[in-house]
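Colleague: I'd like to ask you about the structure that follows.
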């Protein structure tokens, strides 16, 4: 029997990441080849932006995707999130020239408070949310705080781009296919402070630490390279990573919806207090997924170097939260 369509909200739908994302979602790459979807696309209520969104919708029509049951484009969050089952919050205020990080946090807080409240009012009670727009962890925390009637654990931040980057760099170093890299972890914030941890990682079944066998490379080259990859792409391309970010968002939601078959992936989650991370802090941790559910990988040993790196990224997250606390009471 044909499945009932699910509603997928995408914010920032006419932007670079939105454009790289929507066609793959509509083709079934996110929720599977037999799951019809209704796309609910949100963009700024500005004529020029809404016109661009209309153009994207025309292209979606022209693809004649069998799984795309319906779609709407709107400037109203209450319309975009109505009965939504999945939300990909891509739209965020980018950092402008001379803009302090603090100002960026406050500008984005307004957006994610409004969207959190809209979801709280009209979305499915089991909506699953990923925040892609930066600062992703703190934006996800703000949205979660602004939607008190929805399950806190259904709000997540995208660490999958860092996770995929970390896997790819390790595969390159070891000369093995990226598919052979397993049990990668990226702890903390989606920012250059995050900590890609390869201590439990295997490549072709071999311990990654033994294969690499170079602590100095790992600490001084690999970790900073993964952390600064986004900046390197901006320098090379003149634009921020869009297709790889869209790909990571699809990976994240695909695995959450359909499961990982026991494989570890990284998700930014509200902490349950494990690994010494204060409860509620939106923090990247390793998980495995079964359809519709994630489960944290527990009981991993944290050595002194890891503790230092994990606390460093936590400090940044705590400062970000403190910067917007007044707004999300």
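Note: Cβ is positioned from N, Cα and C throughout, glycine not excepted.
Annotations for this protein, taken from Swiss-Prot, read as follows:
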| type | residues | note |
| --- | --- | --- |
| BINDING | 12, 13, 14, 15, 16, 17, 18, 108, 115, 132, 133, 134 | NAD(+) binding site |
| BINDING | 95, 101, 134, 165 | substrate binding site |
| ACT_SITE | 190 | active site, proton acceptor |
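Looking at the shown structure, can you explain where the listed features end up?
Modeller: In the three-state DSSP scheme, residue 115 (NAD(+) binding site) is classed as helix. Taking a C-beta cut-off of under 8 Å and a sequence gap of six or more, residue 115 (NAD(+) binding site) has these contacts in its own chain: 11, 77, 81, 89, 143, 146.
Look at residue 95 (substrate binding site): DSSP puts it in coil.
When secondary structure is read from DSSP and collapsed to three states, residue 190 (active site, proton acceptor) falls in the coil class. The Cβ of residue 190 (active site, proton acceptor) has 30 other Cβ atoms within 10 Å, all protein chains considered.
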Colleague: Mind telling me which of the binding-site residues 16, 134 has the densest Cβ neighbourhood, counting other Cβ atoms within 10 Å?
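Modeller: Compared across 16, 134, the most Cβ atoms within 10 Å surround 134.
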Colleague: Under 8 Å Cβ to Cβ from residue 101 (substrate binding site), same chain, six or more residues apart: give me those in sequence order, or none if nothing qualifies.
Modeller: 95
Colleague: What kind of secondary structure is residue 14 (NAD(+) binding site) part of, going by DSSP in three states?
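Modeller: The residue in question, residue 14 (NAD(+) binding site), is coil (DSSP, three-state).
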Colleague: Quick one: pull the CA-CA distance for residue 190 (active site, proton acceptor) versus residue 12 (NAD(+) binding site), whole Å only.
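Modeller: Between the alpha carbons of residue 190 (active site, proton acceptor) and residue 12 (NAD(+) binding site) there are 19 Å.
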Colleague: Taking 12, 13, 14, 15, 16, 17, 18, 108, 115, 132, 133, 134 as the record's NAD(+)-binding set, what's the max Cα pairwise distance in Å, rounded to a whole number?
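Modeller: The span, Cα to Cα at its widest, is 20 Å.
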